[in-house]
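TrEMBL has this to say about the protein:
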type	residues	note
REGION	1-35	region 'Disordered'
COMPBIAS	7-16	compositional bias 'Polar residues'
TRANSMEM	63-88	transmembrane segment
TRANSMEM	94-115	transmembrane segment
DOMAIN	157-280	domain 'Palmitoyltransferase DHHC'
TRANSMEM	206-232	transmembrane segment
TRANSMEM	244-265	transmembrane segment
Amino acid sequence: MSDDQIPDQNLQQQETKPSEIAPTDPENPPQEENIEEFPGYSDFKKCCCCTKMSNGALFCGHWYCAPGMPIFVVTQALANLGILYWIPFFNLQIYGKIFIPIITVFGIMFIFCYLKTIYDGPGYIPFYYYWAIHDKLPPNNEILVDTLEDSYYGVITNDTQYKRAHDNPTPGRCIVSKLAKRFVIRPDHFCGWVGSWIGKRNHKMFFCFNFWGSIYLSLSAMAHLAGTVIILLDGMNYRVFVEFVFVIFALMYAAMTMQFAYSVWNNAKKNITSWEEWNNIKYGFEQETESDNIADLFGPDHRWWKVILPINPWKNMSNADLIKDYPTYQQIKSNQALLHTD
């Protein structure tokens, strides 16, 4: 089974031939695993601003540390701005002095929303959710009172924790992810650009960084193209190649961010995520109106100017509040199966 997919509860048992059955020791018969037995809390150590889990995984806050891509993205964005200020045309002409600061504002919005997507995270629920809601957790004085909130004690560090979290009932509209090492609320996809899942709490920020990024990169492509022409008119030199490279990259990333922003908005109108589409969960969360569907991602107040601002509508809501009206994916799949048999 691939990571983060729903187990099919309706699989038919395959016929097994007697010759294929392995012999057993009558004095030591195999024991069935008790999936309801608590697999134990995770151990961790605090070190500086990070937390190291017993399996070696390093966390910075809720984020599973993977700094390579964020450093790459921010460095490229800043380098792009630096090159824009390097173009003689825009440093000398009055419309260049106006145009470049405008691009800079869009660039700052892009970088800020990108970093906030990482900072907010998708919303995590500890792997011990099932035991928490049934009051079966062993006593631990350091566990938060609200056991649905993210905790290092609830980060998956071994296969037994993952398997039992996977096999027991899950929270509403959540999956247990090997990459996130916890349950992810309203999962959309794992984004390699931010090194994190996109989910309930950071999906709006993901839209914002792609929205502002598409504008910033489109204008940057225009500026770099103009810079290329200006440099060519002054005579061929090495700077024309630098400008041309930035034109290509700006156009490529502009197209990508536009596509992501459009995809998020299109799915928001149907109240569906990319992960749900990939797993054939086509309905179950839709509201009465398109506006209500959009509100599930962008918040109750989703006027256009608030949609594009980096304001998190779920900041002050607990995980319990976020999932209380959501059915589980197992319930949705069961309902779909019943509909297909009618």
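Backbone N, Cα and C atoms are what each Cβ position is placed from, and that goes for glycine too.
With DSSP classes pooled into helix, strand and coil, the tally for the domain 'Palmitoyltransferase DHHC' (157-280) is 79 helix, 14 strand, 31 coil. Listed by sequence, the residues of this chain that lie at least six past the ends of the transmembrane segment (63-88) yet keep a Cβ under 8 A from its Cβ atoms are 50, 57, 96, 100, 103-104, 107, 110-111, 114-115, 118-119, 121, 179-181, 192-196, 216, 220, 223-224, 226-227, 230-231, 234, 239, 242-243, 246, 249-250.
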